[in-house]
Amino acid sequence: MNQTMADRGSLIIISAPSGAGKSSLIAAMIEARGRDKVQVSISHTTRAPRPGEVNGEHYHFVSQKDFMQLIDDHAFFEWAGVFGNFYGTSRHAVEAQQAKGVDVMFDIDWQGAQQIRKHEPDAISVFILPPSRAELEQRLRKRGTDSEDVIAGRMAKAVAEMSHVHEYDYVIVNDDFDQALEELTAIVVSSRLRRAGQSLRHKAMLNELLAEGA
Ligand code: GDP
Ligand code: ADP
Ligand code: 5GP
């Protein structure tokens, strides 16, 4: 196995009901750990940009027609319909990030998580829970990006999303933000310490340590 394989980054799936804080946690984690170590996969979506959202930074905003073309081209690692829009992860972008040895985080729903797990059994999945329903609703309002109708729709979908919590490897309760960030960091850091990756990364050192008759 070559050096590139040895340094392949981990795939870390993050799901949560809308408003639980996953985007904020992912952004803070990248800021703290550094872009050279961890990046987020930028999804394609057919939903309209929210105020302040930048094409190519938060999402690749595409038309429904272009999205369908990308499906036909097998350009997606996974894709799903969420809240009446389509969302998908570009296969090419993920492979390029992973090959650079960067850990890749996916802010995706439970349907996308199921698809990635099926193809990539080593992917790690984390579910972020809000401390209560009332707090979840308050955060959606506080964010100030969605209309009352959209907030009501997202609250209704929150329970359905949370019903998939049992499919995930790790669960974080995002009550105190700093604590949740510390917990997410612990998961990302420990994923890099798994034996398979470490054995490859430290092959020469292990050979030296384990050499007979030293
Ligand atoms: P948020 O819930 O407030 O972060 O709202 P977004 O519009 O950013 O995301 C809507 C839903 O789509 C969430 O459940 C995301 O996890 C999910 N999502 C975002 N990107 C992707 C993707 O590339 N693939 C899949 N399967 N789901 C995604
Ligand atoms: P998501 O990406 O899961 O939809 P966001 O990251 O957009 O959620 O967070 C929703 C809102 O809640 C934002 O205004 C964010 O600043 C706020 N928020 C996130 N985590 C916490 C927390 N632990 N305590 C209080 N507010 C939070
Ligand atoms: P929002 O419209 O609020 O940005 O996102 C709504 C939901 O779509 C979030 O729960 C988010 O995790 C999910 N989502 C965003 N991108 C993708 C994606 O590429 N694939 C899947 N499956 N879900 C996504």
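Here the Cβ of each residue, glycine as well, is placed from N, Cα and C on the backbone.
Note: TrEMBL annotation is automatic and uncurated.
The 10 Å shell around the Cβ of Gly19 (ATP binding site) contains 22 further Cβ atoms across the protein chains shown. According to TrEMBL, the ATP binding site annotation covers Ala16, Pro17, Ser18, Gly19, Ala20, Gly21, Lys22, Ser23.
Look at TrEMBL and you will find 9-189 tagged as domain 'Guanylate kinase-like'.
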Chain-internal residues near Ala20 (ATP binding site), provided their CB is under 8 angstroms and they sit 6+ positions away: Ile128, Leu129, Pro130, Leu136, Arg139, Asn174
The one of Ser18, Ser23 whose CB sees the fewest other CB atoms within 10 Å, among these binding-site residues: Ser23
Listed binding-site residues with Cβ under 6 Å from ligand 3, out of Ser18, Gly19, Ala20, Gly21, Ser23: Ser18
Among Ala16, Pro17, Ser18, Ser23, the binding-site residues whose C-beta sits under 6 Å from ligand 1: Ser18, Ser23
